[in-house]
Amino acid sequence: MASKCHYCKNHLSFSSKSASRYGSITNSLSSLAPAQVQRPAISATRSKIAVAVLCYINLLNYMERYTIAGVLLNIQNFFDINDSTAGLLQTVFICSFILLAPIFGYLGDRYNRKFIMIGGLSVWLVTATSSSFVTKTYFWFLVLMRALVGTGEASYSTIAPTIIGDLYSGAQRTVMISAFYIFIPVGSGLGYIAGSSIATLTGDWRWALRLTPILGTVGLILLIFLCPNPPRGAAETQGEGIVGQSTYLEDVKYLVKNKSFVWSSMGVTAMAFLTGALAFWTPTFLSRAQVTQGIRPPCTKEPCDTSDSYIFGAVTVVTGIIGVCLGSALSRCLRDKVPNADPLICAVGMLGSAPCLFMLIFLASTSIPATYVIIAIGETLLSLNWPILADILLYVVIPTKRASAEALQITVCHLLGDAGSPYLIGAISDAISVYKPDSYEWRFLSLKYSFLLCPFIGVLGGLFFLMTALYIAKDRRAVELLVEGKWAIFFQSCYILSFQNTKRNL
């Protein structure tokens, strides 16, 4: 019987409109057949522990990314650099991230995902620690180390969500993905708070860059001993797993023909542009606003007043938790009633944040408390999207291509989003401030006018998610048919062939 099923798996093929419309995805059932070695399902307790470890590392990833923004004023004074050069620190980090993500995506769909994450995080720990020993005459070394730090996040961000997707399905997956992505705003906010706090306590901003490597060492040990590498597609196939036999070019062709994936990726790109620009520049913008209003003196020597990093970090943490929980709850409540509820929620979040962004730009020059209220509303609306976006990718892409999908989405959204937005905002600010370079008021106004680009990007992102809503129900159903429907057909066909061959032998 086993030999006949093996014959069936390698030679029997089925075609369908739902499959062919996504290009070459290895329509033979070899791409959807179970691994020949049966693997036991991961226990519920071990799965929860694994998610907890992954969440902890995700928290550290985003703390590390925005710690440098929390001490940006100190860095600018220490190296005597302008806005565009300061923005370059974030740009090189994201650029290395997007260059390496496709490589890790390819490896993540084909090799042991746990070992890949361990390797990437090890590089991150070494380079993040090295960046904290930079001296005043070696700014280029800080730039280089920031670029190499992207290795860790490239390996982790492309693979970790797919592991959660293989541990859980349905409503449980939505909850666990929400738990994972809630640490994006929480980690970002804590990055500002931790960075500015340590810089203030020690009087040296470089100590702020040493916190996450210390905590990251603990995360690496936990990852090694507590995180499993579940079979791909285990959650949808009762622990059996799915084996893929396609080339990377076939994976890319499949993804670019998946309309829900394409449009949602464009929406993610707009969101990345906004969050990258605002996260990097908002504390500095608010600090300059207060100098203009006479609330505080300008910073001329270290340590600078980093109270805006504290407040902005705290607001980011609170609004992130509220937004992610609210987005996840809305998704679970509406998904069964409205098939395209997920992208519609994302569209509301993006479109609703646009007027908030516009108002905060002009309120900053008159009322800092009112500006923080608007920031809180805008960040809550943007945070609605974090758990939903990950869930969309997991259910519109078949299991054997999810790491590649994560990598391709990461590459596009960061390449066109937050890789360039901090530098672009800084460059526009520098171009405007050149008319009055010695005026503190003009330095604030130049950054203010450069921020005007953000509301328009928010509206554009909302339109992309509305386009996603047109296709998502059909694309999700296509994946369900491929993974579940053909799974049943496969075993039925194996049984029929085996019965016919046994009959002939008799």
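Cβ atoms here come from the backbone N, Cα and C positions, even for glycine.
If you look up TrEMBL, you'll see 50-473 marked as domain 'Major facilitator superfamily (MFS) profile'.
Same-chain neighbours of the transmembrane segment (49-68): 42, 75, 89-90, 93, 121, 124, 128, 146, 149, 152-153, 156-157, 160, 163-164, 167, 176, 179-192, 194-195, 208-209, 211-212, 215-216, 219, 222-223, 226-228, 279-280, counting only residues six or more beyond its ends whose CB sits under 8 Å from a CB of the stretch. Feature annotation from TrEMBL assigns transmembrane segment to 49-68 (among others).
The feature transmembrane segment is assigned by TrEMBL to 88-108 (among others).
If you look up TrEMBL, you'll see 115-133 (among others) marked as transmembrane segment.
Per TrEMBL, transmembrane segment is recorded for 139-163 (among others). Residues 50, 54, 57-58, 61, 64-65, 68, 79, 81, 88-90, 92-101, 103-105, 108, 113, 116-117, 119-121, 123-125, 127-128, 130-131, 177, 180, 227-230, 232, 390, 393-394, 399, 402-403, 406-407, 410 of the same chain lie 6+ residues outside the transmembrane segment (139-163) yet bring a C-beta within less than 8 angstroms of a C-beta in it.
Positions annotated as transmembrane segment by TrEMBL: 175-195 (among others).
According to TrEMBL, the feature transmembrane segment maps to 207-227 (among others). Same-chain neighbours of the transmembrane segment (207-227): 46, 49-50, 53-54, 56-57, 60, 63-64, 67-68, 70-71, 114, 117-118, 121-122, 124-125, 128-129, 131-132, 163, 194-196, 198-199, counting only residues six or more beyond its ends whose CB sits under 8 Å from a CB of the stretch.
Annotated transmembrane segment per TrEMBL: 261-281 (among others), in sequence order.
The transmembrane segment feature in TrEMBL is assigned to 310-331 (among others).
Feature annotation from TrEMBL assigns transmembrane segment to 343-364 (among others). Counting residues 6+ beyond its ends, the transmembrane segment (343-364) has Cβ neighbours under 8 Å at 260, 263-264, 267, 270-271, 274, 278, 285-286, 289, 323, 327, 330-331, 334, 370-371, 374-375, 377-378, 381-385, 388-389, 392, 448, 451-452, 454-456, 458-459, 461-463, 465-466, 468-469, 472 in the same chain.
For 370-398 (among others), the entry in TrEMBL reads transmembrane segment. Within its own chain, the transmembrane segment (370-398) has Cβ neighbours under 8 Å at 25, 32, 161-162, 165, 173-174, 177-178, 180-182, 184-185, 233, 242, 255, 258, 260-261, 264, 267-268, 271, 274-275, 282, 286, 289, 311-312, 315-316, 318-320, 322-324, 326-328, 330-331, 342-343, 345-346, 348-350, 352-353, 356-357, 359-360, 363-364, 405-406, 409, 468, 472, 475-476, 479, 482-483, counting only residues six or more beyond its boundaries.
The transmembrane segment annotation in TrEMBL covers 449-472 (among others). If one looks beyond the transmembrane segment (449-472) by at least 6 residues along the same chain, the residues whose Cβ comes under 8 Å of a Cβ in the stretch are 259-260, 263-264, 266-267, 269-271, 273-274, 277-278, 281, 285, 339-340, 342-344, 346-351, 353-355, 357-358, 361, 392, 396, 424-426, 428-429, 432.
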Average model confidence [pLDDT] within the domain 'Major facilitator superfamily (MFS) profile' (50-473): 84
